[in-house]
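Here is what TrEMBL says about this protein:
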TRANSMEM  A:25-48  transmembrane segment
TRANSMEM  A:199-223  transmembrane segment
DOMAIN    A:205-319  domain 'ABC3 transporter permease C-terminal'
TRANSMEM  A:255-277  transmembrane segment
TRANSMEM  A:297-318  transmembrane segment
TRANSMEM  A:339-357  transmembrane segment
TRANSMEM  A:369-397  transmembrane segment
TRANSMEM  A:654-673  transmembrane segment
DOMAIN    A:658-765  domain 'ABC3 transporter permease C-terminal'
TRANSMEM  A:702-728  transmembrane segment
TRANSMEM  A:740-762  transmembrane segment
Amino acid sequence: MSVGQWAKDLGMGVRFAFAGGREGWVRALLTAVGVGLGVALLLLTTAVPSALTEREHRATARDDFTYGANPLSKADDTLIIAEVDTTFRTQDVRGRLLEPEGSRAPLPPGVEKFPAKGEMVASPALKRLLESDSGKLLSERLPYRITGTIQQSGLIGPAELAYYAGGSGLANHLSNGSIERIDYFGPSSGTPDDELDPILILLVMIIFVVLLLPVGVFIAAAVRFGGERRDRRLAALRLVGADGRMARRVAAGEALAGALLGLVLGTAFFLAGRQLASLLKVRNISVFPSDLNPSPALAALVAVAVPAAAVLVTLFALRGVVIEPLGVVRTAKPPRRRLWWRLLLPLAGLALLYPMMGQGNGNGNFNEWMVIGGTVLLLVGVTALLPWLVEAVVARLNSGSVSWQLAVRRLQLSSGTAARMVNGIAVAVAGAIALQMLFAGVESDYTEDTGNDPSRAQLTMHVRDDVALGELAGQLARTEGVRHATALAEGSLGDRAKEPDNTVEATVAGCAELREVARLTSCRDGDMFRILGSEYDGETKKLTEPGETLYFDPAYPGSPSHTVSWKVPAGIKVAGPREDPTGYERGGLLFTPGALPEGTGAAMFETVYLSLDTSVPDAAEFARNTAARIDPLTSVNALTASRQSEEFRAIRNGLFVGATCVLLLIGASLLVSQLEQLRERKKLLSSLVAFGTRRRTLSLSVLWQTAIPIALGLLLASVVGLTLGAVLLRMVEATVSVDWASVLTMTGIGAAVVLAVTLLSLPPLLRLMRPDGLRTE
Amino acid sequence: MTPPPGSLLAAEELRKAYGPTVALDGAEFSIHPGEVVAVMGPSGSGKSTLLHCLAGIVPPDSGSITYNGHELAGMSDAQRSALRRSEFGFVFQFGQLVPELTCVENVALPLRLNGTSRKEAEKAALTWMERLEVDGLRKKRPGEVSGGQGQRVAVARALVTNPRVLFADEPTGALDSLNGERVMELLTDAARSTNAAVVLVTHEARVAAYSDREIVVRDGKSRDMERVV
């Protein structure tokens with residue numbers, strides 16, 4: 001067979017695809033929409049690496065903490081920058097105060113000129129939020145006039161909340177860990193690239209397989225739209241002399257036309273979707289349209305693979321079909337599907353994954369290709385097993401209502417179409433169940449117990465040393481939604497005035513506040529204590545014996561100090577250790593305000609633990625506003641019982657974003673496929689209505705036709721998903737346990753997508769059931 | 001004009017347009033119980049539209065249709081559906097059998113839609129299939145039988161509810177002459193044996209020859225022709 005003949009036949013198929021007037025165009029368009037949605041998602045996937053790289057580049061380009069070994073001196077090209085990040089409800093706000101020290105001070109990326117004191121440049125999203133009603137509380141915290149906008153080069157995403165405000169007097173607080181003098185923005189030298197650990201790499205690989213496989217399955221299903229009408233055309237071709245092979249190639253040509261048009265539509269969908277990307281924010285992730293640039297090589301692969309897959313899928317689908325010149329295509333019951341080769345796929349997958357058991361942990365000594373290959377085979381096994389399962393089960397279904405009978409008989413006659421419709425969902429659900437199991441199994445490795453006790457306090461604040469402790473506690477306690485504020489001043493004492501070998505902590509507060517951080521038997525103003533028995537404290541007992549001399553705020557090179565010497569008095573009391581609300585068990589010395597030696601308070605920083613009334617909406621926001629009013633440099637942190645690894649959380653969020661896109665695609669493609677099937681049966685539906693069939697009966701039959709295969713698909717997906725999940729957990733040497741809640745959630749989401757699609761297809765179904773569908777002229 | 005006395009189904013001054021295309025333009029029609037009336041005319045003359053209006057499938061733009069003294073226009077969609085289920089039977093050019101049901105299930109379908117149990121419906125269906133000489137096809141699906149056989153199954157389906165009016169739209173249009181004649185013989189014999197009226201839409205004179213009376217539709221207007229035997 002010559003290439004020319006192939007091309008000729010495919011070309012004829014392409015022409016057929018668009019022939020047949022409106023009917024032909026609608027059919028080709030539906031195929032193209034199905035393929036196009038898949039292509040758009042594939043292009044989006046090929047753009048993910050560039051989007052991540054661009055985000056990473058911009059994030060690194062604005063790095064402002066260089067952690068240099070040698071502190072800089074004030075110069076014409078230096079800038080003092082203070083980190084004043086905050087949180088507004090659930091959103092993070094990146095904030096910096098800038099104080100240029102000379103004309104050549106570096107400007108942050110995306111900022112055209114330094115804001116003056118009382119002014120700020122804000123990201124567009126923050127500007128919108130501050131100007132909206134919902135941002136009023138935040139605007140109280142950021143009392144700056146907006147004089148400019150941070151450009152794209154200074155933001156990681158369009159929805160990022162960020163600002164740079166003008167600061168003054170920052171040089172006085174350089175010893176504070178969140179204020180630095182810098183002479184450039186960008187990565188600090190010698191920062192090593194972070195490498196993902198092997199389990200996270202495994203998660204990312206599986207996510208890509210799980211998200212992309214349903215897309216492939218859907219593209220394969222979409223190119224088979226309109227099969228019944230096409231079969232009749234093929235029979236007509238046979239009548240005028242085409243042989244069987246030629247007819248198949250013409251059919252492949254029709255699918256090719258749909259795929260090519262789908263490529264065009266998919267590109268258009270992608271470009272249109274890219275423009276809308278800046279309006280979307282999923283789990284705090286937003287992307288600039290210009291970041292979404294498909295990798296040219298991967299995009300070219302999509303452009304070649306999709307049409308090629310269309311041709312191959314059509315030829316494969318027609319392998320068991322007899323196209324005869326007169327008899328149209330045999331619509332008699334096809335031969336029973338065989339199980340043995342369908343089982344080979346998942347078994348081969350398991351065989352590839354088995355040697356990887358225990359290899360994914362620690363040094364990550366697993367073969368990536370075996371993992372990907374095994375997962376693909378196991379999941380593709382779902383698409384191979386499902387048609388067999390649907391056929392085997394529906395063959396045994398029989399009696400029931402008319403709607404049930406219509407549905408079951410339809411499934412018995414063409415269970416393949418129904419199975420194809422739910423294949424994508426089944427693969428997605430199987431993969432999602434496996435991933436959820438893996439996530440749940442390794443979650444504890446990436447979640448650390450912070451030791452915080454949120455039942456005692458929900459916020460902790462660190463305030464500069466020059467704010468009066470009583471004043472601070474009073475203002476915070478009077479804030480709406482604050483139950484009580486525990487304010488402490490903290491510092492240290494050394495065994496030498498300069499560069500001490502040993503130090504102990506010093507904590508100053510009233511008796512009630514000191515009881516929050518230590519066990520005191522009795523206390524009144526003027527008392528002082530030494531804490532003995534603290535778990536990690538070996539110094540206190542040794543350094544605080546009565547008569548020992550200690551030095552408040554000992555001096556270190558390069559940082560200012562106000563060293564004061566002090567002798568431990570004979571009557572000092574002993575206190576027992578107690579964890580503070582952050583879970584820290586301190587040692588050292590405790591002073592009530594009346595016991596604090598003269599001139600020692602200046603070197604202390606202040607910590608406040610806030611207990612909030614959670615019934616007051618925005619209680620935390622009111623407290624943060626008060627803190628910012630006292631001092632914009634106050635750092636406020638929420639206390640949580642556990643904290644998850646940033647990378648782990650990012651990957652989980654990525655899965656969520658990807659799964660959302662795939663489910664939307666699956667839903668849209670299912671709808672298109674459903675409409676196409678209904679359209680093909682328009683005349684039959686009209687004739688059934690003509691002789692009095694109730695619309696309810698027909699609607700129910702459509703529902704059953706979808707519900708039966710989806711129930712079987714989800715059952716199979718659960719089995720395969722649990723198997724894959726168990727294998728993956730063994731691979732990382734985690735305990736195999738089934739998270740039934742996520743199994744039910746995943747299958748529930750799959751079922752909900754199908755139900756939503758069925759409901760959406762009901763209005764067109766009711767329109768198609770109008771008797772005027774019988775008109776032929 | 002008032003309907004002829006004793007008529008079972010009658011239409012007056014029917015008008016129906018699909019967009020700018022006028023399908024019926026003042027058409028008249030009447031039929032008596034047990035009567036076979038052929039509606040003839042060239043393609044696009046409005047024959048099928050007349051049949052669809054008479055059967056309550058499509059509402060006319062104006063004019064009146066009465067069945068057994070009841071105005072169809074006064075009935076709801078559900079009432080017209082119930083009427084079609086219980087009183088009318090239909091045969092279309094391509095049978096329009098449900099491809100996934102077996103032949104006996106296709107014939108039993110109208111009875112099942114009326115609430116008859118599956119067993120009883122299939123028993124009655126078999127009786128009609130025997131009368132139409134297709135009882136051997138009971139377990140076959142429509143895709144496995146010939147055009148003539150399929151059309152006879154469709155006639156059995158139309159008659160299984162013992163309808164008072166049988167609407168047949170080009171019932172032999174897709175058959176060769178031999179098969180067509182056999183279908184017409186069986187259809188008219190069966191209808192006459194149950195005293196059912198038959199509205200037979202056709203453009204073939206040899207099919208119309210099975211009728212008692214002919215109505216010619218041209219440009220949406222109808223003309224009652226006397227049968228010349």
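Including glycine, each Cβ sits where the backbone N, Cα and C put it.
Model confidence over the domain 'ABC3 transporter permease C-terminal' (A:205-319) stands at 79, taken as the mean pLDDT rounded to a whole number. The transmembrane segment (A:199-223) is not in contact with the transmembrane segment (A:740-762), judged by fewer than 3 CB-CB distances under 8 Å for residue pairs 6 or more apart in sequence. Residues of the same chain lying 6 or more positions beyond the ends of the transmembrane segment (A:369-397) and with a Cβ under 8 Å from any Cβ of it are 202, 205-206, 209-210, 213, 217, 336-339, 341-343, 345-353, 355-356, 360, 408, 411-412, 415-416, 418-420, 422-423, 426-427, 430-431, 434, 708-709, 712-713, 716-717, 720, 723-724, 727, 731. Mapped onto DSSP classes, the domain 'ABC3 transporter permease C-terminal' (A:658-765) shows 95 helix, 0 strand, 13 coil.
Relative to the transmembrane segment (A:255-277), the listed stretch A:25-48 leads the set A:25-48, A:297-318, A:339-357 in CB pairs under 8 A.
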